[in-house]
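So the structure is just underneath, and the comments pick up after that.
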Amino acid sequence: MLWSGCRRFGARLGCLPGGLRVLVQTGHRSLTSCIDPSMGLNEEQKEFQKVAFDFAAREMAPNMAEWDQKELFPVDVMRKAAQLGFGGVYIQTDVGGSGLSRLDTSVIFEALATGCTSTTAYISIHNMCAWMIDSFGNEEQRHKFCPPLCTMEKFASYCLTEPGSGSDAASLLTSAKKQGDHYILNGSKAFISGAGESDIYVVMCRTGGPGPKGISCIVVEKGTPGLSFGKKEKKVGWNSQPTRAVIFEDCAVPVANRIGSEGQGFLIAVRGLNGGRINIASCSLGAAHASVILTRDHLNVRKQFGEPLASNQYLQFTLADMATRLVAARLMVRNAAVALQEERKDAVALCSMAKLFATDECFAICNQALQMHGGYGYLKDYAVQQYVRDSRVHQILEGSNEVMRILISRSLLQE
């Protein structure tokens with residue numbers, strides 16, 4: 001396993017320069033507490049969780065503010081993460097992946113997200129793209145595309161959303177018309193994470209008639225004539241990853257780059273998104289966990305009216321509620337991850353529930369943490385505001401939380 005060469009580190013996050021504290025673990029301030037994210041894990045899971053926490057502390061947390069403020073895409077750091085197996089966490093080992101489970105993946109992304117939620121979210125999307133190729137591609141495609149994705153020598157972006165089709169993804173209009181041994185793509189995709197920087201674009205496009213059965217999945221490689229990108233979007237958060245439109249103008253792509261059969265694209269998209277919802281919910285857990293620790297430490301240090309804020313019962317109760325909601329969200333996410341791994345019939349509904357609950361609750365936790373920091377929480381010298389901004393979009397992407405409610409109710413009503 002790729003973890004064999006890793007040092008055995010304790011699960012802790014350090015301090016950012018300039019007082020930008022993320023998570024401190026010394027003595028009684030350890031994760032051995034009621035919010036300990038290692039509870040219920042086996043020894044192997046605890047070990048790679050420690051590796052992920054340490055990587056977040058050393059490589060991500062000290063840089064997350066700079067990446068955010070300068071809008072830097074941390075290629076070198078992500079490639080270091082890939083050396084630990086994080087570039088292809090749930091990709092099969094024969095093409096360079098770590099071959100871990102969905103639960104293992106959730107544990108890792110939660111830990112990494114404490115160091116930089118935005119960067120971890122991109123890594124999770126990259127993993128989802130690699131999984132689609134690994135799971136639905138033929139052997140030639142798997143061995144061509146997956147190894148450089150697992151090492152993050154190459155980066156991947158997922159192209160589903162269009163200017164006119166967001167939640168109604170099955171109505172997408174980007175066309176792929178077959179001409180000989182190529183498809184000619186025309187159309188555009190919107191809000192694509194990594195666009196312009198990524199090397200591999202997993203594109204859902206229309207090869208047939210209207211509706212989901214007319215959609216196919218095609219890999220478009222950077223540098224293909226007819227592939228271009230829009231301007232870099234200015235965003236509230238997720239600033240360590242670029243977001244652009246992806247544009248196809250008579251873009252000729254080999255038929256050999258089609259993943260799966262014609263008309264299978266929507267199934268691939270949906271299957272990928274089930275896992276993507278677990279991944280993004282796990283990123284929310286990491287942001288919320290870091291925010292709870294930040295708030296706990298602030299309440300112990302900050303004094304008003306001659307007493308530490310921690311002595312105020314209202315603030316005690318609020319902190320208790322934050323911790324309780326964090327643990328509840330984590331349990332939901334991990335339960336859904338196991339259901340997805342086991343391919344249970346209720347997996348789609350459970351993934352939707354976990355994504356809905358975790359992203360809503362964890363954003364609320366981060367936002368409450370900012371409030372409890374008072375004016376300091378609104379300053380960019382303090383990390384809590386970045387967790388708020390980076391976790392807000394999780395309620396929108398990988399299927400908005402309104403769509404999650406549709407999927408959950410549909411599952412209940414069709415029983």
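A Cβ is built for glycine as well, from the same backbone N, Cα and C atoms used for every other residue.
Per Swiss-Prot, the feature transit peptide maps to 1-22.
Summarising the annotation, Swiss-Prot assigns N6-succinyllysine to K50 (among others) and lists similarity to another entry as the type of evidence. Here the Cβ of K50 (N6-succinyllysine) has 20 other Cβ atoms within 10 Å, regardless of which shown protein chain they belong to.
Annotation comment: Swiss-Prot describes K50 (among others) as N6-acetyllysine. According to its DSSP assignment, K50 (N6-succinyllysine) is helical.
Annotation note: G164 (FAD binding site) sits in a coil segment as assigned by DSSP. Neighbour count (other Cβ atoms within 10 Å of the Cβ, all protein chains): 11 for G164 (FAD binding site). What Swiss-Prot records for 158-167, 191-193, R302, 312-313, 371-375, 400-402 is FAD binding site.
The substrate binding site annotation in Swiss-Prot covers S167, N274, G275, G276, R277, R410. The local packing around N274 (substrate binding site), expressed as other Cβ atoms within 10 Å of its Cβ over all shown chains, amounts to 22. For the recorded site, N274 (substrate binding site), the DSSP three-state label reads helix.
K213 (N6-succinyllysine) carries a helical DSSP state (H, G or I). For K213 (N6-succinyllysine), the same-chain residues that are 6 or more apart in sequence and have a Cβ closer than 8 Å to its Cβ are G263, F266. Here Swiss-Prot flags K213 (among others) as N6-succinyllysine.
Swiss-Prot lists K231 (among others) with the feature N6-acetyllysine. Its Cβ placed at the centre, K231 (N6-acetyllysine) has 9 other Cβ atoms within 10 Å.
E398 (active site, proton acceptor) falls outside any helix or strand according to DSSP and counts as coil. Around the Cβ of E398 (active site, proton acceptor), a 10 Å sphere holds 29 further Cβ atoms from the protein chains shown. The active site, proton acceptor annotation in Swiss-Prot covers E398 and is backed by a curator's inference.
Residues S167, N274, G275, G276, R277, R410 are listed as the substrate binders, and the farthest two of them sit 20 Å apart at their Cα atoms.
Around Q313 (FAD binding site), no same-chain residue six or more apart in sequence has its CB under 8 Å from its CB. Highest Cβ count within 10 Å among the binding-site residues T161, S167, S193, S400: S193. In terms of Cα distance, the recorded positions that sit within 10 Å of E398 (active site, proton acceptor) are N274, R277, chosen from K50, G164, N274, R277, R410.
Here the Cα atom of G276 (substrate binding site) is found 23 Å from that of K50 (N6-succinyllysine). Under the DSSP three-state reduction, Y158 (FAD binding site) is assigned to strand.
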